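Read the structure below first, then the notes.
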Amino acid sequence: MAISSLHHGISISKTLIKTSISIPISNHLNIARHPLRLTPATYLKPKLFRTHAPKSLTFNNNHRRAQINSLFTGIVEEMGQVKQLGFDESGESFDMIIYSPTVLQDVNLGDSIAVNGTCLTVTEFDTQRSEFKVGLAPETLRKTSLIELEKGSVVNLERAVKPSTRMGGHFVQGHVDGTGEIVSMDPEGDSLWIKVKTSRDILKFIVPKGFIAVDGTSLTVVDVFDDEESFNFMLVAYTQQEVVIPLKKVGQKVNLEVDILGKYVERLLSTGFVDNIKSR
């Protein structure tokens with residue numbers, strides 16, 4: 001797994017301004033690495049952005065979520081950093097620019113990159129500055145936790161798999177089923193227990209020792225607590241330094257994608273497929 005470097009402070013530049021500011025990332029992780037340097041984009045077309053979406057989102061109904069036929073593994077390649085995001089001056093396009101040296105090594109326009117587990121399409125990129133732009137559809141903003149991101153946020157990144165890619169995690173589509181809320185983060189030795197609460201519609205597909213993608217990270221469920229509408233998992237020390245989940249706090253949201261096999265099984269059962277087979 002190729003992961004980029006992070007440091008206790010990340011220096012980024014304000015949009016189209018050369019003055020740098022320092023944003024702390026983590027004090028509890030012992031990461032002795034080089035800082036990421038973000039500089040103003042020249043290749044990316046500058047637009048006026050609002051830093052936060054309005055509380056009540058209203059969108060043009062002509063927008064449709066693109067049908068993307070990509071597959072991921074849930075093995076995070078790199079932690080990138082949001083350089084700029086928000087609506088453009090027209091108020092209709094919500095775009096995000098991300099700094100990410102690793103995933104842009106062989107990028108092309110139209111490529112799919114999972115950002116915190118959400119499959120997004122590259123619309124512009126600059127390999128010299130290690131930046132790429134993606135657009136976020138209204139449905140994406142409603143269904144995922146990406147709406148909570150802000151300038152300086154760190155995100156998990158993974159490119160779509162190739163036929164030669166080793167399947168180190170599990171089949172992840174990048175189609176987020178919904179979000180969960182972190183309700184507890186408890187250390188045990190150098191590992192970290194995390195419990196996430198979610199809706200019953202999602203929880204019914206989560207099983208102990210089964211796969212789940214949390215912010216695009218392939219993880220193994222330890223226990224499911226139906227009465228609490230929650231489940232938990234454990235992050236080992238190495239994983240804690242390579243993904244964004246430990247950087248979040250209790251109360252923050254995470255993107256969830258359940259194992260696609262469970263959804264197929266439910267669909268077959270609900271349509272009477274099994275009964276049809278038995279009647280033959």
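A Cβ is built for glycine as well, from the same backbone N, Cα and C atoms used for every other residue.
Features reported for this protein in TrEMBL:
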type: DOMAIN; residues: 71-170; note: domain 'Lumazine-binding'
type: DOMAIN; residues: 171-269; note: domain 'Lumazine-binding'
type: REPEAT; residues: 71-170; note: repeat 'Lumazine-binding'
type: REPEAT; residues: 171-269; note: repeat 'Lumazine-binding'
Residue counts (helix, strand, coil, in that order) that DSSP gives for the domain 'Lumazine-binding' (171-269)
24 helix, 42 strand, 33 coil
Averaged pLDDT score, the repeat 'Lumazine-binding' (71-170):
90
